[in-house]
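Written below as structure tokens is the structure these notes are about.
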Amino acid sequence: MISFLLLIFLIQLAIYIVNTIGASTVDDLLWILYLRLPSSISKDARKHGELKRDVVQLKREMNATSSQDEFAKWAKLRRRHDKAMEEYEAMNRSMGSRKTSFQYSVKIARWLTLNGPRLFIQFYYTKTPVFDLPPGWFPYPVEWILSFPRAPLGTVSIQVWSSACATAISLTGNVVIAALQKSGQASMRQAQAIPAGKSE
């Protein structure tokens with residue numbers, strides 16, 4: 001079985017990755033993938049896209065037609081455009097409500113898969129130590145804090161280990177992001193450098 005050390009670290013890493021990427025980005029990606037599945041909603045999504053293209057095409061044709069010189073053609077295009085626009089708006093409302101309910105379901109599933117196991121482990125194994133501290137290395141107050149809230153004295157509790165993992169992952173992520181940004185800025189400066197032969 002996987003150790004508590006690694007399990008809690010992986011849970012905190014998954015939470016950090018989802019929070020860094022952004023929950024809305026993950027939701028949008030899952031929505032796109034969901035629309036690719038063979039289902040009735042994917043058919044509706046294709047119809048929604050076709051209606052949008054039809055509305056745009058009719059609007060272009062209507063704008064290209066003079067309402068004064070070719071009134072009959074323009075009026076016919078206008079009626080077709082209005083009908084297509086009405087269908088598109090109804091389909092857009094329907095797709096919007098479906099997307100909202102899908103995102104709500106994804107939000108619940110994300111919370112249950114990320115925070116649910118973390119909370120379950122922290123409450124169910126609250127008296128179980130993650131690892132033992134070497135005897136005599138730390139004074140009593142430090143041992144008490146590290147075993148907080150209910151782990152045996154002289155051990156590290158799951159809550160403390162979870163907090164330590166979250167902090168370490170967050171700090172490491174910030175360092176990596178800062179290093180990537182700095183290297184990106186340096187490469188941009190090199191690309192924008194003025195050639196030696198030119199003067200300002």
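Cβ coordinates are placed from backbone N, Cα and C, and glycine is handled just like the others.
Going by Swiss-Prot, the topological domain containing I2 carries the same name as the one containing R150, and both residues are therefore on the same side of the membrane. Remote same-chain partners of the transmembrane segment (111-131), defined as residues 6 or more beyond its termini with a Cβ less than 8 Å from a stretch Cβ, comprise 4-5, 7-8, 11-12, 14-15, 18, 147, 149-152, 155-162.
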